[in-house]
Amino acid sequence: MRVINFNAGPAGLPLPALERARDELIDFQGSGMSVMEHSHRGREYEGVHDEAISLLTRLLGIPDTHQVLFLTGGASQQFAQVPMNFLRPGASADYLMTGVWSEKAFDEAKYYGTPRVAVSTARPDKRYTRVPRQDELRLESSAAYVHLTSNNTIFGTQWHTFPDVGNVPLVADMSSDFLWKGFDVSRFGLIYAGAQKNLGPSGVTLVVADKAFIARGRTDIPKIFRYTTHAENNSLYNTPPTLAIYLVRNVLAWIQSVGGLAQLEQWNREKAALLYGAVDRHPEFYRAPVERESRSVMNVVFQLPTEALDASFVADAKQQGMVGLKGHRTAGGIRVSMYNAVSVENVRTLAAFMDHFVKTRG
């Protein structure tokens with residue numbers, strides 16, 4: 001029996017994607033080999049690789065100006081790879097500080113140039129409860145790029161409208177909310193996302209890059225770290241994480257089969273309404289620190305009156321078959337991660353549990 005998985009990542013995968021992998025694990029398409037045993041330059045794997053790119057391109061409406069890349073190293077590598085490619089000594093880039101992960105990206109940029117904090121919504125206690133307003137941004141037109149983190153898993157905030165950054169390329173870490181809904185890819189110079197939330201398993205990092213933007217990248221860095229190297233070689237410059245990309249393909253095929261990103265957005269908004277509804281019904285018991293306009297659809301955070309009640313909530317939920325609810329060590333409390341593989345019914349079950357928990361423990 002499978003549990004209801006609210007882990008923040010690696011997160012649950014859609015059951016049809018896992019079942020497809022199970023059925024094809026030993027003998028992939030009659031080849032007598034597992035997909036993970038095939039050469040990354042062989043016909044069998046090439047079909048998977050190209051299908052994954054094609055599915056994502058269609059689902060998201062990626063224009064010809066942009067290219068899909070499959071890399072490794074996670075978002076943490078991208079924190080360094082972005083400035084490595086686009087910052088030069090003496091140059092600056094603007095960073096929008098909205099949480100721990102944007103702080104980490106900012107720190108990596110210091111090795112290559114002069115990152116600048118264009119805005120920070122950190123409170124005196126170093127917590128974040130909102131994303132900034134457009135009028136709070138202090139952007140420089142000479143910046144090499146503007147970097148933001150679209151969703152903040154630890155503190156539960158999310159950009160619901162991306163900022164206007166003028167003619168400066170916008171770079172976004174979308175690791176924790178990529179594909180929760182559709183959006184205009186053409187607005188971005190580069191998007192990166194670790195796969196292990198909404199897209200697949202850990203081990204592969206998705207990049208969607210503006211071809212003209214990455215063409216301006218530095219050439220005095222190792223080839224393996226140049227975006228152009230991977231673009232020119234269809235993400236096959238070195239051996240890619242073939243099994244992870246195969247599972248990404250399965251997840252993308254599932255998204256297409258259920259109705260695409262419009263259907264996912266509908267489900268995700270319904271899930272958020274259910275869970276925040278349970279929180280807001282009991283505001284003295286479930287204390288949600290995030291300002292309403294900045295509430296994340298993917299990661300809902302709240303605290304109970306005491307740490308002991310937090311622990312009881314997690315333990316009781318586990319007995320009911322729900323796991324992954326303990327908050328990040330930085331924030332404490334409870335964190336509910338509702339990525340695409342979490343169903344509306346899963347969240348309805350948790351919301352009912354929350355109402356019952358208040359009655360018995362409140």
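Even glycines carry a Cβ here, placed using N, Cα and C.
Quick look at what Swiss-Prot annotates:
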| type | residues | note |
| --- | --- | --- |
| BINDING | R41 | L-glutamate binding site |
| BINDING | A75, S76, W101, T153, D173, Q196, N238, T239 | pyridoxal 5'-phosphate binding site |
| MOD_RES | K197 | N6-(pyridoxal phosphate)lysine |
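Location within the structure of each feature annotated in Swiss-Prot.
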residue	record	Cβ neighbours (10 Å)
R41	L-glutamate binding site	10
A75	pyridoxal 5'-phosphate binding site	19
S76	pyridoxal 5'-phosphate binding site	15
W101	pyridoxal 5'-phosphate binding site	19
T153	pyridoxal 5'-phosphate binding site	25
D173	pyridoxal 5'-phosphate binding site	26
Q196	pyridoxal 5'-phosphate binding site	24
K197	N6-(pyridoxal phosphate)lysine	29
N238	pyridoxal 5'-phosphate binding site	13
T239	pyridoxal 5'-phosphate binding site	10
Candidate nearest K197 (N6-(pyridoxal phosphate)lysine) in space, where candidates are the binding-site residues R41, S76, T153, D173 and distance is Cα-Cα: T153
Integer Å distance between the CA atoms belonging to R41 (L-glutamate binding site) and N238 (pyridoxal 5'-phosphate binding site): 10
Per DSSP, three-state class assigned to D173 (pyridoxal 5'-phosphate binding site): strand
Top Cα neighbour of the residue listed as 'L-glutamate binding site' in the set of binding-site residues S76, W101, D173, T239: T239
Reduced DSSP assignment, W101 (pyridoxal 5'-phosphate binding site): helix
